[in-house]
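Noted in TrEMBL for the protein shown:
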type	residues	note
COMPBIAS	250-262	compositional bias 'Basic and acidic residues'
DOMAIN	106-141	domain 'EF-hand'
REGION	250-281	region 'Disordered'
SIGNAL	1-28	signal peptide
Amino acid sequence: MQLPFLPRATMLKLLCLSLLGLVQSSLAHGGHENAGPVKGETIQEYAQRHMSSEHHIDSFDIRSFFQLHDLNRNGFWDKDEVEAIYGVHHVYSQKKSKDEIEHQEKAEHIVSTVLKRLDLNGDGLITADELEQVGLSGLPNFDEFGAEGHHYDVESEFFLHHEEQFHSTPETQTDESYTHAEDMEHFSQHEAIERKEAEREAKFQGVTIEEVLKAQEDAAVAAKQKAEEAASKPITRVAPPEKQVPEVKYKNARTEASRKGDWGTGEAGYKPPTEPSDKMRKNLPYRVPVCSTSSAAIGVISERLDIIYINTHSI
């Protein structure tokens with residue numbers, strides 16, 4: 001099956017297909033049900049179930065799996081792409097390595113093991129034909145090394161593997177619902193980030209971090225109060241001038257007309273009047289000359305009748 005070219009973003013998203021080989025681990029960060037194969041389930045069956053429930057992909061084959069992981073589209077899996085399949089260098093994987101030396105040894109072990117199983121001609125690369133000959137079962141399981149196939153940033157991983165599963169409805173998004181260990185870790189990470197930002201801001205402003213945090217807290221309270229006040233205020237809608245009754249439409253027209261001066265003077269010159277105040281300017285003819293006897297002239301007459309109405313009712 002030959003697939004059409006897919007955008008890089010799509011390929012990166014589907015890198016999580018690598019979890020086909022993780023037969024014992026869950027993408028959740030711990031403390032929840034195991035997402036790996038159940039007893040008696042083959043890796044192919046697990047792949048289908050996992051892709052459907054975790055990534056909303058219902059059908060795929062070995063060749064499409066290969067193409068989605070061939071990030072540079074050169075027809076081979078190289079060392080970097082094998083590492084990407086297993087999320088070797090993701091922060092979650094790095095946290096399970098004692099130091100950089102151990103982490104590098106882990107990466108080399110994973111790559112060499114995969115190549116030993118799938119690189120049939122020993123050239124250091126894996127082709128789609130080689131993967132097809134060996135099958136999906138040729139993808140080893142490295143969950144004991146923490147290589148669980150994560151590819152996105154921490155925030156995206158939390159949403160994909162925890163928020164979407166445990167907090168996807170209004171009832172599970174209340175403050176009382178976020179009690180899992182993953183929630184606590186996630187909130188702690190946010191607090192640490194905010195603390196570092198406050199420290200940088202305090203250093204820049206030459207004040208204490210407590211002052212910065214207090215100012216941020218006060219600003220948040222003020223913003224909340226302002227939003228609540230805005231939500232409680234009734235909305236007053238004003239009709240456009242053309243739909244207003246004459247008393248409202250011409251309320252300040254006479255004063256504005258006096259300010260503008262005689263018709264024909266100023267920048268507007270002898271242009272046809274467009275505003276109520278223009279139609280009340282001194283020397284304005286009853287019939288304004290236009291290119292033709294159009295609706296503009298009729299409109300002027302109508303407006304003048306409105307003025308007469310106001311004047312007669314104000315006597």
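For all residues, glycine too, the Cβ spot is worked out from N, Cα and C.
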DSSP helix/strand/coil residue counts for the domain 'EF-hand' (106-141): 23 helix, 1 strand, 12 coil
Can you give the mean pLDDT for the domain 'EF-hand' (106-141), rounded to a whole number? 87
For the region 'Disordered' (250-281), how many residues does DSSP put in helix, in strand and in coil? 11 helix, 0 strand, 21 coil
